[in-house]
Each structure stands twice: as C-alpha cells, then as structure tokens.
Amino acid sequence: MERYQELTVLLLLLLLEGGSWGAGHLRPLCRPTNATLAAESDACPVCVTFTTTICAGYCPSMVRVLPAALPPGPQLVCTYRELSFSSIRLPGCPPGVDPIFSFPVALSCSCGSCRLSHSDCGGPRARPHLCTRPHLSLHLL
C-alpha cells in the first residue's frame with residue numbers, strides 16, 4: 001500500500017508540473033517560434049511564402065479516466081498572449097483585387113483556450129507553407 005501512495009504522489013507531481021519534467025526535451029513548451037507560411041489569393045497569380053513568428057509547442061492537458069457527471073474540461077492550446085499584425089503585398093494581382101495579406105505575429109505565447117479571431121485551432125498541418133500556385137519567397141525584416 002505504501003508503494004501505491006508513493007506512485008500516486010509522483011503522478012500528482014508530474015501532473016502539476018504539466019509533464020514537463022518527463023517530456024521537456026521531447027515536447028517543447030508553448031513559445032514563439034519561427035515558421036514559414038504561405039499567402040495566396042484566388043484572384044492573384046502568385047503565392048508568397050514568408051517566415052514569421054507563430055505560437056507553437058506543448059500545453060499540459062488532462063483527460064478524465066473515469067466517467068463523471070461533469071462536462072469535459074477545456075483542452076488548452078498554445079496561443080498568442082501578445083501579438084501584432086503585419087502585412088505583405090501579393091504581386092501581380094489584377095486591378096480591383098486587394099493585394100494585401102495580413103497575418104498575426106507572435107510577441108509572446110501562453111496556454112489557453114483557442115481564440116478563433118486570430119488562431120487556427122485545427123492542429124498542426126503537414127505542410128502549412130504549401131502553395132497551389134507558382135510561388136515567391138519573401139524575407140521579412
């Protein structure tokens with residue numbers, strides 16, 4: 001019985017630490033990180049790939065093992081704490097088509113509920129920078 005109590009205490013400590021002690025090197029915690037993304041418009045002939053700062057990484061979460069009368073708890077995602085917006089101009093757009101593509105730039109990140117106003121909460125994409133049109137690479141300063 002004493003061994004069971006020791007294991008329970010160890011499990012609780014790991015959960016309180018968000019599992020970061022055991023998985024710190026395998027799963028980077030939520031933080032700003034550089035990523036290459038794509039911008040394109042149906043009306044413009046060129047896709048532009050650019051590097052910006054996004055929020056990415058591991059957020060601790062828990063799933064109830066036993067059925068409960070309570071609703072499931074919220075699952076946290078790595079999302080923007082502070083952000084700014086930047087814009088690029090898509091080249092070659094015909095007159096009357098807005099060539100400006102705006103996107104969020106992560107200044108700081110935190111684990112929280114997903115806000116669809118400025119986040120894609122669908123999980124990681126295999127190739128988020130994939131263009132369907134000919135593309136140019138843009139280097140932002």
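First residue shown is number 1, and so on along the chain.
In case you wondered, yes, glycine gets a Cβ from its N, Cα and C as well.
Bear in mind that the values here come from a model prediction, so they are computed numbers and not experimental data.
A disulfide bond in Swiss-Prot ties CYS111 to one cysteine from CYS47, CYS55, CYS59, CYS131, and that cysteine is CYS59. When the CA atoms are compared, no disulfide-bonded residues among the candidates CYS47, CYS93, CYS114 lie within 10 A of CYS30 (disulfide bond).
Taking only the Cα positions, the spacing between CYS131 (disulfide bond) and CYS59 (disulfide bond) is 29 angstrom.
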